[in-house]
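Asker: Take this structure first; my questions come after.
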């Protein structure tokens, strides 16, 4: 096969920013499989420098010559054809990516926080500089999702994306479902096993999934969604009682990222993007996603239902996505052209959570006397919400109370929130113990 | 967003070859969503002609002006920037694609038969002419698989691809599993419902899956595999007894396409590519693929396990894959460059079925007398094959015979074939009713 060499006659210069677990895996692979990369790209990929904060920390797993490490990232990005950013965080990553592109480098990043906040500005720099900005690793780790949404589905219309995009919370919820244990002890176990970080806030509060949801929605709907546009609830409120109750009605609880094309109450088209725990029927493919795996369901007008499944985190799996992007960007450096940029031509409005349409699962304690079920049903009907099922627990709680488990048909979140307010205020309702959304019915 | 216009200043000329269900769906979409395509590509896509065999057949579903239809495909392909081939078959499709590329057009095809037979020659023409040759729709319909293998996993090493890539046979086997009906009546039902063609040979004999397996293996392993290199068994021999027996040991029968990097008995690296029915544990994700859906499992060194799931056939779903390819090829026409060509730098040997490593499920009738189980076990051990489980049916068959269900641990197909020969020849074995491979244990 004959390669046409454009711009580059010898090797391509690769700079790494950050050398943690993903960076080390990327560096090691590039060196160990140098010939494969050369054949696939059409030119050798040479690591010309690795920017780190602490030069003294040994990084034997990267296999890199110590002379390649530098603390001067600003200088490094000006002498590379390809820059791989794996530092995370907003600054200095943002400035460095911008500087790299302004010096003509194509960039690959796994930085979901940065893209969720400031993706649009960076996409514009890439467009202006005619370089690639790739970020498959920022969403769902090793699972190819960004490229299929942006390229494979480029001739289709995506209506909905619903997925498990955070491995830590899936590990915790899956474990709670299997063992019946509470969240705190399960989180501790996840930390001991390395599935959760010492500070688990970004995962358990849903912030990681939130940034990913913003990125997914932007690509899927050809629009701009930023992290603050995404409604977000974490999993800290999920109790063993919720999980048991979900099981009783054939469901499991998952933290979902949901991106939908919707219409607001006045019929204006827009998008609704949200992250929250939800009941999912055990027969739904997402219910069978265990441990720290990720899976994303896509509903498109022509393609119908698609699902993508794989490892959503971990240094080695994530390095696969980074390296795939690196090879694409490098091929463009060798052969000319560049990949499709971000397209935001639709510029859809972002609608609030109130217009989102879901089912609700409500667990409550009510007075144990005849007619109470009808009273409750009346409160719900008065809000225009339709009941899918209602069942009274066999075991009565203390103080003459009965437990009700109620599932509504899909309705707007606003109507459901009003319904819950009315239930809480009703004299026959002692307490509303739990309210969770239901998806995938 | 500012588009740099390369080569093309106004619209891009699209020619369709063939206007059946997929072609009509492609044509209708291009017209109905013209503005979306313009925004996504950077230039309008204009259908300049549609080559058909019979000009008199009405095609209202395509929405096309009748003046666009022509029988002169040879001429049509010389006046298009993009040619979409949906005729199927080897000729005239091969000659037309070649001619289109030689006239500078990028081409999109769903023609698995042609690519399985003659892909390498066509890839070389694309390379030489510096045009795109895309074919996502040739494998697994709407499921993005070609692009993820070729691009997302370009920095990884794929070890194995195992999937359900033929919707018709999955519909039949799934139905047989649910109803207990035999193959003939289920096939008839599939034909009535439109899931199987009047002549179902290509599907039920595994020929469709065989061509797809050749294409998948070529991309996944950076080598050249052609359809005749692929070992192939269809589903015509699968009986309700097999399905019942599979169920008893917690398995379901699926027609699988399997592509593996292997070593032959002398240790030489190569690939093994095969299509055959196999028992799959019901806990395996592929076991949960129902109806005419497709799903493909990919095992890569860095990414680990990935799965891709969706609709593998049907005019509208397939049009999604065709249109995605068309948008990519069109973007390259507008912005310069082209997508990655096929890479076959590894040129691996194709190993025969004998070196494939699988488990076997063997159902046989044996003499119902003490010691026979030990005799059978001895025959198997003598071939160096290890037994995973062996169970004797509760219900004795007629003539003093007992039914044995036996599952071996994985061994080479050659050793297992020898084992079955020895069993058939053994005096205690009345008959070997069925032999099926076992995958995904």
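Even glycines carry a Cβ here, placed using N, Cα and C.
TrEMBL does not curate its annotations; it predicts them automatically.
Per TrEMBL, active site, proton donor is recorded for B:212. Annotated NADP(+) binding site per TrEMBL: B:17, B:18, B:19, B:20, B:21, B:22, B:23, B:24, in sequence order. Residues or ranges marked as NADPH binding site by TrEMBL: B:112. The L-homoserine binding site annotation in TrEMBL covers B:197. Per TrEMBL, the feature domain 'ACT' maps to B:361-437.
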Asker: In the domain 'ACT' (B:361-437), how many residues does DSSP call helix, how many strand, and how many coil?
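Answerer: Taking each residue of the domain 'ACT' (B:361-437) in turn, the totals are 24 helix, 33 strand, 20 coil.
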Asker: For residue B:21 (NADP(+) binding site), identify the closest of the recorded positions B:112, B:197, B:212, judging by Cα separation.
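Answerer: Of all the candidates listed, B:197 is nearest in space.
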Asker: In whole Å, note down how far the CA of residue B:112 (NADPH binding site) lies from the CA of residue B:22 (NADP(+) binding site).
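Answerer: Residue B:22 (NADP(+) binding site) to residue B:112 (NADPH binding site), Cα-Cα distance: 14 Å.
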Asker: Three states by DSSP: which one describes residue B:24 (NADP(+) binding site)?
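Answerer: In three-state terms, residue B:24 (NADP(+) binding site) counts as helix.
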Asker: So which other residues, same chain and not among B:17, B:18, B:19, B:20, B:21, B:22, B:23, B:24, have a Cβ within 8 Å of the centroid of the Cβ atoms at the NADP(+) site?
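Answerer: Here the nearby residues are B:16, B:25, B:26, B:27, B:62, B:86, B:87, B:315.
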Asker: List the Cα distance (Å, whole number) between the residue listed as 'L-homoserine binding site' and residue B:24 (NADP(+) binding site).
Answerer: 19
Asker: What mean pLDDT does the predicted model reach across the domain 'ACT' (B:361-437)?
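Answerer: Taking every residue in the domain 'ACT' (B:361-437) and averaging pLDDT yields 89.
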Asker: Which ones, of the recorded positions B:18, B:23, B:212, have a Cα no more than 10 Å from the Cα of residue B:112 (NADPH binding site)?
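Answerer: Final answer, ordered: B:212.
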Asker: Based on Cβ atoms within 10 Å, give me the single least packed residue among the binding-site residues B:18, B:20, B:23.
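Answerer: Taking B:18, B:20, B:23 as the binding-site residues, the minimal 10 Å Cβ count falls on B:20.
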Asker: What kind of secondary structure is the residue listed as 'L-homoserine binding site' part of, going by DSSP in three states?
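Answerer: In the DSSP reduction, the residue listed as 'L-homoserine binding site' maps to coil.
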Asker: Can you give me the same-chain residues 6 or more apart in sequence from residue B:17 (NADP(+) binding site) with a CB-CB distance under 8 Å?
Answerer: B:50, B:51, B:73, B:76, B:77, B:83, B:84, B:85, B:86, B:87, B:93, B:96
Asker: Counting every protein chain present, what is the number of Cβ atoms, excluding its own, within 10 Å of the Cβ of the residue listed as 'active site, proton donor'?
Answerer: 29
Asker: At the Cα level, what's the spacing in Å between residue B:19 (NADP(+) binding site) and the residue listed as 'active site, proton donor', rounded?
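Answerer: Distance (Cα to Cα, whole Å): 22 Å.
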